[in-house]
Amino acid sequence: MSEYSLFTSESVSEGHPDKIADQISDAVLDAIIAQDKYARVACETLVKTGVAIIAGEVTTSAWVDLEELVRKVIIDIGYNSSDVGFDGATCAVMNIIGKQSVDIAQGVDRSKPEDQGAGDQGLMFGYASNETDVLMPAPICFSHRLVERQAEARKSGLLPWLRPDAKSQVTCRYENGRVVGIDAVVLSTQHNPEVSQKDLQEAVMELIVKHTLPAELLHKGTQYHINPTGNFIIGGPVGDCGLTGRKIIVDSYGGMARHGGGAFSGKDPSKVDRSAAYAGRYVAKNIVAAGLAERCEIQVSYAIGVAQPTSISINTFGTGKVSDDKIVQLVRECFDLRPYAITKMLDLLHPMYQETAAYGHFGRTPQQKTVGDDTFTTFTWERTDRAQALRDAAGL
């Protein structure tokens, strides 16, 4: 981080229209993969006033009542009345999902599972930094926590006049690669019309901002912008059209690391846009946890239908204890980054994805979860179980 003195990242709540779309797409994936682990799913969602549209390509033996599922996701988020502008119980739901192209299938499917080809060409990045306890950049961590707290305050009834749509933004000040302060906080939250701006700003400041952000990083010069435009009554899909895959920087590292451009939500693990990005995070986090570097960014790339990555590259930004070339060699020794091997390594064939679709895919805590008779661990790419093997291989 030494090249920046200030860095800003943003996040959005689960009620933001683009995040509604992401959560619907991943709910569809989860419902299908719960019945058919090897299904091929690519589900895109659009939400706008009074309508939710799901489209894409799915090949599966599962049967899911997709209309009911879409409605449940929308209602669970908090859009359950026309008073808030969008109602999952009464909105139109349109399903235009088709089957996966046979041309793609022939490039992915193999008689030997380990030879499974990548579902598309592309490049993916993973990143980790030791500036926070979860080895993530601080600005995106703090931004996620603000909107997560907003949802908690809304759903618990602590601030009952809050509505689902919200956005946050945090600017951190760095010195010698360490966060030394928060210079600016922006939080815009949708609300009921009866609450005054004064009451809203005071409550949000005390019960969301100060409750969430580390007090030692807030200072007399910190700027606070709470609903800076005034009223935010009209929000969600009424205020803006929502689409799957439009919050890829929110989903990843808040702009601190590069991004290959591929979105995550609605895609089964055969799509390397998702699985290889998760593997990239797993590799980078273990490198930092092992003490091989303070910061690490990995890029992997693939060709459609080919199992082995076409490239693996590492950048430790001058913080490495060994050379970047040596770390690439260690990665090749300790991690199998073929698509099938990633799926096996991270145990990805479970209905774990809707939870990833709000508040970031990275920096989360693995939890054991049971769906039906399937018990599994979520966020497996956040484990640091290969750090010691990397240290040993590096001779540290």
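Just so you know, glycine gets a Cβ as well, placed from its N, Cα and C.
Feature region 'Flexible loop', per Swiss-Prot, maps to range 100-110 of the set 1-11, 100-110, 155-165. Confidence in the region 'Flexible loop' (100-110), given as mean pLDDT, stands at 60. Residue pair GLU57 (L-methionine binding site) / HIS16 (ATP binding site) shows a Cα separation of 25 Å. Inclusion criterion for the binding-site residues ASP18, GLU44, LYS271: a C-alpha placed within 10 angstroms of the C-alpha of ASP240 (ATP binding site); this criterion is met by ASP18. Using CA atoms as reference points, the binding-site residues ASP18, GLU44, LYS271 were checked against ALA166 (ATP binding site), and the closest is ASP18. Following the DSSP three-state reduction, the secondary structure of GLU57 (L-methionine binding site) is strand.
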